[in-house]
Every structure is written in structure tokens, then in C-alpha cells.
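Features reported for this protein in Swiss-Prot:
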REGION    1-20  region 'Disordered'
COMPBIAS  1-11  compositional bias 'Pro residues'
MOD_RES   Ser23  phosphoserine
MOD_RES   Ser33  phosphoserine
DOMAIN    40-84  domain 'LysM'
REGION    95-150  region 'Disordered'
COMPBIAS  98-107  compositional bias 'Acidic residues'
MOD_RES   Ser99  phosphoserine
COMPBIAS  108-127  compositional bias 'Basic and acidic residues'
MOD_RES   Ser166  phosphoserine
REGION    172-196  region 'Disordered'
MOD_RES   Ser181  phosphoserine
MOD_RES   Ser194  phosphoserine
MOD_RES   Ser212  phosphoserine
Amino acid sequence: MASPSRQPPPGGSGLLHGSRARSYGSLVQSACSPVRERRLEHQLEPGDTLAGLALKYGVTMEQIKRANRLYTNDSIFLKKTLYIPILTEPRDLFNGLDSEEEKDGEEEVRPSNDEVWPHSTERKKQETGAGRANGEVFPTPGQETPTPIHDLSASDFLKKLDSQISLSKKAAAQKLKKGESGVPGEDAGLHLSSPRMQQRAVLGPVPLTRTSRTRTLRDQEDEIFKL
């Protein structure tokens with residue numbers, strides 16, 4: 001007696017009813033997947049390598065090979081452009097649908113200005129009181145803090161240096177003028193006090209070739225040549 005054919009239960013795992021069975025290792029690109037890739041087109045240059053592109057874009061060499069179906073490092077020069085896979089965050093997948101909810105949550109978390117103002121004023125009063133106790137002076141809100149003097153630009157520094165050099169030159173010239181006007185007469189009286197110095201001043205410097213030592217040496221040489 002033939003047994004009655006069994007009918008598949010509703011919603012079962014049959015071919016027509018229920019979800020479709022998939023084999024091991026099959027890839028499914030689900031719309032709910034938190035990880036998605038966005039591809040950038042990179043124009044290849046003579047010095048480009050897979051390792052350099054991976055470091056530049058923050059991806060692995062295997063991901064670049066998989067996106068462009070490459071097998072070796074030398075095969076990148078067979079193409080003009082390469083696609084670089086870049087991972088996108090899950091927030092970018094919603095296309096701004098949850099942006100309104102996030103904004104509403106931020107508005108609820110943010111305190112109002114009326115609540116923040118008294119706390120800030122109390123904190124400022126405490127800081128000013130502590131500063132006065134320590135002897136420090138805090139500027140008022142309407143009063144601007146003086147700019148530091150030592151912050152000079154390069155041109156200002158060079159101008160200041162030039163002015164200092166000119167002042168030092170003027171001071172040196174004045175000293176030289178004062179020395180020429182008063183000192184020479186006194187020096188002359190001191191140097192010409194001895195008779196020997198007076199003779200030197202009249203006759204001038206005595207050359208070394210006319211000393212007695214040189215005369216005796218010349219006389220000895222003449223006697224040797226005569227012999």
C-alpha cells in the first residue's frame with residue numbers, strides 16, 4: 001500500500017517554502033551588514049607599488065589585490081588605474097535617516113544657558129577670590145591683557161639691532177674726538193722729557209743696520225775676504 005505523500009510544513013525548509021539554503025563558503029552581501037566598502041580610483045604612477053599604496057590608504061595588499069583581481073606585484077603596471085577599497089562606518093549606511101534622532105538626543109542632553117550661567121559665575125568668583133588671596137591680579141572681561149614686549153618680528157629685531165649699532169658707533173666717534181683734542185699734548189710732554197727721547201724725535205728712528213754690532217761684523221768679514 002503506497003504511503004501518502006508527505007506535504008512540507010508551512011514555512012519549512014523546502015525549495016519553495018522558507019529560506020533558501022546556501023552552500024558553505026558562499027558570499028552574501030547583506031543590506032544589514034555593518035561593514036561596507038567604498039572604492040577609490042587611484043591613477044597609477046611609475047613609482048607606485050602595492051606596499052606603498054597599502055600604507056598610503058591604510059589597507060592591506062590582499063584587499064587591493066582582491067578588489068582589482070591581481071595576482072602578482074608586477075601586474076599593477078598593466079592597468080592605468082587601481083581601485084582602493086576603503087571601509088565605511090555603519091552610520092554612513094543610513095544616509096542621514098538617524099541624524100534627526102541623534103540631534104534630538106543631543107538637544108535633550110545639552111543644558112540650557114540659564115542653567116550653565118550661574119555655575120560659571122560662581123566658579124569665576126571663587127577663582128578671583130583665590131587669586132586675590134595669593135596676590136594675583138586677574139584682568140576684567142572688558143580689559144585686554146597687555147601683549148608681551150619680547151614678541152618681536154624679524155624686521156623689528158633687525159631695526160633694533162641697527163639702531164644699537166649706530167648708537168655704539170656714535171659713542172665711539174665721540175670718544176675718539178675727545179682723545180684727539182686733549183691727550184696728544186700731555187703725551188708729547190711725557191715722551192720728550194728725557195734727552196734721548198728728544199734726540200730720537202729729531203733724528204728719527206735709528207736703523208738696525210747702523211749699530212755698532214753690525215759695524216764690527218762687517219769689519220770682520222772684510223778682513224776675512226782680504227786674507
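Each residue, glycine too, has its Cβ placed from N, Cα and C.
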Modified residues compared (Ser166, Ser212) - the one with the fewest other Cβ atoms within 10 Å: Ser212
Three-state secondary structure, which DSSP defines for Ser212 (phosphoserine): helix
Between Ser166 (phosphoserine) and Ser212 (phosphoserine): CA-CA distance (Å): 54
